[in-house]
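Colleague: Okay, handing you the structure first.
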Amino acid sequence: MTRPDLNERILSLRKLRLAQCRTRTRRTIERRNGVRLEINGSWLVEFCSNDYLGLAQHFEIIAALQDAAARNGIGATASHLICGHHAIHKALEYELAEWLGYPRALLFGSGFTANLAVQQALLTKENDICVQDRLNHASLIDATRLAGCRLRRYPHLDVDGAAHQLKNAPEGAAMLATDGIFSMDGDIAPLRALSLVARTQQALMYVDDAHGIGVTGPQGRGCIAAAWLSVEEVPLQLVTLSKALGGYGAAVLGSATLIQHLAETARPYIYTTALPPAQAAAALTAIRIARRDEWRRQRLQELVERFRENSRRHGLEIMDSETPIQPLQCGDETTTMAMSAALEREGFLVNAIRPPTVPEGKSRLRVTLSALHTTEQIDTLVQALARSRDTLATEAAPVQV
């Protein structure tokens, strides 16, 4: 028997990624000051983080983390079900549930882990089905595959497509899962219409609101609250602590019955160390600031509107998004990488997003905004985007003979 050589396989795949301009590189951040990063000795203004409210370096949150670390140490030392569930975890879960209007919350180390836990614990039969938007986050897609149930995907934002998929699978338990705000397009799911489909088809509605929490809705309560929905229409939702709240971790919110079931059966919850207490303390303080500081959301929305208006004035091909995620369509990978490099030479860090993260031919620059950005930074970024587009267009133009 001759097995395939894994080293040869990965070298072959690496060559293919090089040819397709799809290799990935980690950048080492030496220092951070708000939206300014030092990389290789140079300071860049970043337009690619998820620190939407500018809380990642907030002094109150840092103080809460330091105090909790001094009292509880740097780690939880065990899983939640052994001896890793601290009083600060309980307080954070209570605050999340009260803020978002859900009976209970359950903490996880990351949104990816939480999505794995939800589907593994709920969709336990082979004929169960999870119907998802085609552009859902990879963690939702992978969770269904790992759960072993059926996966059906509908065209992006297509409510009728979701209904069709559920109608065609009447047997087995069903879940209708969607992002709240889509991480690569920045648009918002039609949650009211989808919740009606879920109710009609007796499917459990599950919303991953990683990018909505803190940013949209009353008191920053996210996309579900912005759509005037509640636990009755959306029995289960996921929020992250790592984006608008500036820290690390995630939580799933739902009825007492659902949350207790997850705590007792979800393997990614049971068999992993609890979130560090200091991170929980930081998240608790961040939530209170996010609830209190409405001006951060107002400021962020003003910057979104300014970026979009300036981009339209310069003829930039921005996608249809009213959120802090503002993608600029570039088409092929080579052009996208060239524009990203040109922006870096002008002092901006904007990442190139390429397949398989986005569909073929849909490579883009994913601009993300923060309440910490200044209007001058917004304006100069748009000017730099327009210059890099024009320069690349000139270089690509055929020579007249």
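Cβ atoms are placed via backbone N, Cα and C, with glycine included.
What Swiss-Prot shows for this protein is this:
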type	residues	note
BINDING	Arg24, His137, Thr357	substrate binding site
BINDING	Gly111, Phe112, Ser183, His211, Thr240	pyridoxal 5'-phosphate binding site
MOD_RES	Lys243	N6-(pyridoxal phosphate)lysine
Colleague: When DSSP states are folded down to helix, strand and coil, where does Thr240 (pyridoxal 5'-phosphate binding site) land?
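Modeller: DSSP call for Thr240 (pyridoxal 5'-phosphate binding site): strand.
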Colleague: With the pyridoxal 5'-phosphate site defined by Gly111, Phe112, Ser183, His211, Thr240, which remaining residues of that chain have Cβ atoms positioned within 8 Å of the Cβ centroid?
Modeller: His137, Ser139, Asp208, Ala210, Leu238, Ser242, Lys243, Ala250
Colleague: Max Cα-Cα distance in Å among Arg24, His137, Thr357, the residues listed as binding substrate?
Modeller: 19
Colleague: Taking the Cα atoms as reference points, how far is His137 (substrate binding site) from Ser183 (pyridoxal 5'-phosphate binding site) in Å?
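Modeller: So the alpha carbons of His137 (substrate binding site) and Ser183 (pyridoxal 5'-phosphate binding site) sit roughly 7 Å from each other.
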Colleague: Neighbour count, 10 Å Cβ-Cβ cut-off, for Lys243 (N6-(pyridoxal phosphate)lysine): what number do you get?
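Modeller: That number is 28.
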Colleague: Can you tell which of Thr240, Thr357 has the least company, meaning the fewest other C-beta atoms within 10 angstroms of its C-beta, among these binding-site residues?
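Modeller: Fewest other Cβ atoms within 10 Å, among the binding-site residues Thr240, Thr357, is found for Thr357.
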Colleague: Rounded to a whole angstrom, what is the C-alpha distance between Gly111 (pyridoxal 5'-phosphate binding site) and Thr357 (substrate binding site)?
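Modeller: Cα-Cα distance, Gly111 (pyridoxal 5'-phosphate binding site) to Thr357 (substrate binding site): 17 Å.
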Colleague: Just name the most isolated of the binding-site residues Arg24, His137, Ser183, His211, going by other Cβ atoms within 10 Å of its Cβ.
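Modeller: Counting other Cβ atoms within 10 Å of each of the binding-site residues Arg24, His137, Ser183, His211, the minimum falls on Arg24.
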Colleague: Under 8 Å Cβ to Cβ from Phe112 (pyridoxal 5'-phosphate binding site), same chain, six or more residues apart: give me those in sequence order, or none if nothing qualifies.
Modeller: Ser139, Asp142
